[in-house]
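Record features (Swiss-Prot):
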- C21, C24, C40, C43: Zn(2+) binding site (BINDING)
- 21-43: zinc finger (ZN_FING)
Amino acid sequence: MMRKLRVLIPEPKSRFLRVKCPNCGNEQTIFSHATFPVRCLSCGTELVYSMGGKAKIVGEVVRIMG
């Protein structure tokens, strides 16, 4: 008899991140695979640049959520 192999459940590679703005220190939640540039809500500095797939994060990642 063949044993049944354990079926792994796929998990997404994308996450939500808590990012700190390098200019004003404001913390904001962003998506790791953002397709649109994200600006800081306080000072307007771009925190994330779209790079086609995974976004390039300019600010400091404080926490990975989820």
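Cβ from N, Cα, C; glycine included.
Other residues of the chain with a Cβ within 8 Å of the Cβ centroid of C21, C24, C40, C43, the Zn(2+) site, are P22, N23, G25, N26, L41, S42, G44, T45, L47. Residues 13-15, 49-50, 53-55, 57-60, 62, 65 of the same chain sit 6 or more residues outside the zinc finger (21-43) yet have a Cβ under 8 Å from a Cβ within it. Within the group of binding-site residues (C24, C40, C43), the Cβ with the highest number of other Cβ atoms inside 10 Å belongs to C40.
On the 0 to 100 pLDDT scale, the model's mean across the zinc finger (21-43) is 92.
Same-chain residues at least 6 positions away in sequence with a Cβ under 8 Å from that of C21 (Zn(2+) binding site) are, in sequence order, E27, Q28, C40, S42, C43, T45, L47, G59.
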